[in-house]
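Novice: Quick one: this structure, given as structure tokens, is what I'll be asking you about.
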Amino acid sequence: MKRSHISSPRSYSRPAISIFGVFLLFLLVLTLSSRKPSDSSSGLAPNRNLATKSTIPRFAYLVTGTKGDGKRVKRLLKAIHHPRNYYLLHLDLEASDEERMELAKYVRSEKKKFENVMVMGLADLVTEKGPTMLASTLHGVAILLKKAKDWDWFINLSASDYPLMPQDDILHIFSYLPRYLNFIEHTSNIGWKENQRARPIIIDPGFYHLKKSGVFWAKERRSLPASFKLFMGSTSVALTRPFLEFCIWGWDNLPRTLLMYYTNFLLSSEGYFQTVVCNNKDYQNTTVNHDLHYTKWDPLQQRTLNVTVENFRDMVQSGAPFAREFREDDLVLDKIDIELLGQTDTGLELKTPDVVKPTVSWKRLEKLMVRLLDHENFRAKQCK
């Protein structure tokens with residue numbers, strides 16, 4: 001029988017220790033045999049980079065939605081909530097003040113359980129496919145950096161995302177990982193996106209209008225940059241606090257330079273973090289090329305498809321802790337709640353921040369991590 005563990009030494013179950021003993025040895029050898037991020041400018045201390053300390057981490061979640069997403073955000077919050085983490089909820093400016101007020105009332109009504117949850121009162125206008133989406137994400141990051149002092153990874157989720165395992169299992173596995181790893185899907189092989197994303201110049205009216213509209217296209221086109229290399233990937237990320245401090249503060253000016261460049265870039269949220277992390281020597285070796293999501297992809301139309309009950313088995317076998325995109329109140333969400341999350345209609349369980357009780361789901365995530373950090377995948381897929 002597995003035992004719950006708390007954030008003190010030697011509090012993990014014996015099976016977990018035996019399995020992860022080999023895993024940690026591999027990570028330690030891998031870390032020492034490769035160039036580690038510099039601690040001179042990145043703010044990463046050497047002892048922070050080793051996976052020898054199995055303390056429970058903290059996640060900082062940014063959960064975003066738009067008009068009509070209040071109900072979905074509430075359900076998602078309930079599914080991912082753990083008292084050890086931090087949560088920032090944002091309904092963009094297209095949502096009404098009443099929707100934001102209703103969300104804030106919901107959080108206040110469960111104040112004892114949701115004391116680690118914040119709701120953004122001053123909403124951002126977010127244009128689909130525009131850089132205002134990136135600006136809003138950076139806004140959320142800045143708030144979490146200011147309000148929450150001790151988190152380890154930032155994870156962004158939209159109202160159409162949903163977890164595939166309890167937070168206890170994710171926290172359990174991440175407690176064994178080096179705290180410098182950035183989970184971000186990325187590639188420099190952009191193919192057709194060069195002509196449709198990199199060369200066009202767009203203007204996002206969301207920066208200066210109060211009502212949502214589409215982006216404007218300029219007649220001129222631009223060449224590819226020469227001073228940095230473009231990378232693209234998923235908008236979903238799990239990024240470390242030190243890396244995001246670098247993005248916000250930008251002490252070597254790369255993050256600011258790239259932010260200016262991506263102001264006129266279509267779907268800049270699919271390239272900004274990827275390009276920053278892969279063009280900085282202190283962080284390019286910290287990437288794990290995965291966005292921690294299961295996604296059903298349509299290769300012909302180049303878009304994600306809605307996940308249904310038919311995809312349930314594939315979702316589970318993927319080992320991913322999250323999935324996208326779900327229709328509101330789809331039957332598969334109920335199936336996930338019952339079979340994977342163990343949720344009931346009795347409400348939120350009052351948990352203790354320093355206690356983690358993993359279920360059997362951690363084994364699925366462990367398999368995914370071992371595969372991602374295998375020597376044939378890890379370094380070979382970093383910033384290529």
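From the backbone N, Cα and C atoms, a Cβ is placed for every residue, glycine too.
Source: prediction; values computed, not measured.
In case it helps, Swiss-Prot gives these features for our protein:
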CARBOHYD  Asn156  N-linked glycosylation site
CARBOHYD  Asn285  N-linked glycosylation site
CARBOHYD  Asn306  N-linked glycosylation site
TOPO_DOM  1-11  topological domain 'Cytoplasmic'
TOPO_DOM  35-384  topological domain 'Lumenal'
TRANSMEM  12-34  transmembrane segment
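Buried or exposed, and what's around them? Tell me for each listed feature.
Specialist: Here Asn156 (N-linked glycosylation site) comes close to Tyr61, Leu62, Val63, Thr64, Thr137, Gly140, Thr235, Ser236, Val237: these same-chain residues lie at least six apart in sequence, with C-beta atoms under 8 angstroms from its C-beta.
DSSP assigns Asn285 (N-linked glycosylation site) to coil, not to a helix or a strand. Neighbour density for Asn285 (N-linked glycosylation site): within 10 A of its CB lie 19 other CB atoms from the protein chains shown.
Long-range Cβ proximity for Asn306 (N-linked glycosylation site), meaning a same-chain Cβ under 8 A and a gap of 6 or more residues, is found for Lys296, Glu325, Phe326, Arg327, Asp330.
Note on the topological domain 'Lumenal' (35-384): its mean pLDDT in the predicted model is 92.
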